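What follows is a set of notes on a single structure, which appears directly below.
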Amino acid sequence: MSLLHQARFFITVNHLRDLPATAVPEVAFAGRSNAGKSTAINILCNQKRLAFSSRTPGRTQHINYFSVAPVKAPDPLAFLVDLPGYGYAEVSGSAKYHWQGLLSDYVQTRQQLSGLILMMDARRPFTDLDCQMVEWFLPTGRPIHVLLTKADKLTNSDNAKALRETRKMLQGYAEQMETPVPMTAQLFSSLKRRGIEEAQGVIAGWLNLPEAQKAEARSAAEKSEPPAADPAE
């Protein structure tokens, strides 16, 4: 079982000064207000009501922290960080200004941040605001993994096209950097439970969770095994 299944609500933050003063790694989740971010977090953590989605898109304007640790552990091993959904027009100007500042400052300056999970609707990837998020985070040199959500809404051929075009866009961004930045993408569907294990593996690796260490050890052991002898020899 993934340790992500043990995630628990930790704190809600409305100002950078209130961020947890911890040194453990964090993975942030970002995306448009209607990209299915809260639903995806709940699915990845195998919980129904860990991350709440507002009935009115764009109303969740805080940063929510979820701790990841075994049930009886005294301290978190890591944090999942649910960032405010962006891009919804009904938010007032002053709230939007504060919200955008909170988002940009967090992703650009948070030293504990190990990587960004960027959620995009597979039908409408790379909106202007999605591109803005990539451009804010890219200079940090940390990895970005795109979840193309709501893949169940598309045909197989349209999904393949969306994934191909997304990877091409990410490659274009990566080529702008002097030092290579890991940028990957996958298809994801909360409804069809598609892509869950792949996404969990990425997150566990970034957070250096025990399950990722075990998977790495198994992979190393398999690579070190001598090839099977040819029966003909």
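Using N, Cα and C of the backbone, Cβ positions are placed for all residues, glycine too.
Of all ranges given (54-73, 94-113, 214-233), Swiss-Prot attaches the label region 'Disordered' to 214-233. Geometry remark: ASP152 (GTP binding site) versus SER38 (Mg(2+) binding site), CA distance 17 Å. Each residue in the domain 'EngB-type G' (23-209) has a pLDDT score, and their mean in this model is 90.
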